[in-house]
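Colleague: Could you have a look at this structure, given as structure tokens, before my questions?
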Amino acid sequence: MLYQQISQNKRRTVILLFAFFVLLVVIGAAAGYLLADSYQLGAAFALIIGAIYAFSMIFQSTSLVMGMNKAKEITVNDAPDFFHIVEDMALVAQIPMPRVFIIDDPSLNAFATGSSPQNAAVAATTGLLKVMNREELEAVIGHEVSHIRNYDIRISTIAVALASAVTLISSIGGRMMWYSGGRRRDNDRNDNGFGAIMLIFSILSLILAPLAASLVQLAISRQREYLADASSVALTRNPEGMIRALQKLSNSQPMTHPVDDASAALYINEPRKKEKLSALFSTHPPIEDRIERLKHM
């Protein structure tokens, strides 16, 4: 059952990433049709913009991300238990030892970053280290190490980049169509019915694509959280430890320092004040759902 869940989550992520690329091509084609009467040119432009965004974000410095989140690098002498747990989990996962950081914050949280296992890092709050027992801390670190091993940071970064690219292209397309004085619209009024249909479809694509992109990006983030939970259990062989850790995380207070959207998606638990929004608009699945899945393993 455990490995079936892992495989299912991986398949869902592939499907969502494919949907993202389709969405990017559609928004590019719509903009190209409205502005240059060329689907191909618009789609190619959209893919280039998406690739530039993805590469620039993937290679963002690990130290920069840690600095933005007030994390300080430690050695084995600073927090030996925490350091050795990270070391043990990395060994079991068969990845290089990540750099280890601590965030001085009373909330219960942790995250991993790095575009590959070779330049990865793990951070945990002082609150987490104080409250979690060894089994629970192993489960949390197993979750973060699984993100590294599964290249989740890279996948999530690509999703954020593609969502940003879709929003940018939609904004550019909308502004240029407005400033062009409606030449495309005038042409389509004199065209056949198909041209009018394509005009409406293109305009709707520009309007709705950013929302759709955000929903897909958030869905990918949630799937990777489910996958990391299951992968942590595969590493520790202790689903109860993961369940107890999640139960404690559910009672955590928000982080005391501001956390930006990109960083928030990295944490094991939503680091900001939890708003009563639909699960569709959350970077993290409800902890109750995560626990329920673990109980059925």
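Each residue, glycine too, has its Cβ placed from N, Cα and C.
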Colleague: Record says HIS143, HIS147 bind Zn(2+). Source is Swiss-Prot. Which of GLU225, GLU240, GLU270, GLU288 does it list for that same site?
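Modeller: Record check against Swiss-Prot: Zn(2+) site with HIS143, HIS147, extra candidate from GLU225, GLU240, GLU270, GLU288 is GLU225.
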Colleague: Same chain, not part of HIS143, HIS147, GLU225: whose C-beta falls within 8 angstroms of the C-beta centre of the Zn(2+) site? Give them in sequence order.
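Modeller: Here the nearby residues are ALA112, GLU144, SER146, ASP152, ARG224, LEU227, ALA228, ASP229, SER231, SER232, ILE268.
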Colleague: What count of other C-beta atoms do you get within 10 angstroms of the C-beta of GLU144 (active site), across all chains shown?
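Modeller: Cβ-Cβ neighbours of GLU144 (active site) within 10 Å number 27.
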Colleague: Over all shown protein chains, what is the count of other CB atoms within 10 A of the CB belonging to GLU225 (Zn(2+) binding site)?
Modeller: 25
Colleague: Just to be sure I understand the packing, how many Cβ atoms besides its own are within 10 Å of the Cβ of HIS143 (Zn(2+) binding site)?
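Modeller: Taking every protein chain into account, the count is 27.
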Colleague: For GLU225 (Zn(2+) binding site), which of the three DSSP-derived states applies: helix, strand, or coil?
Modeller: helix
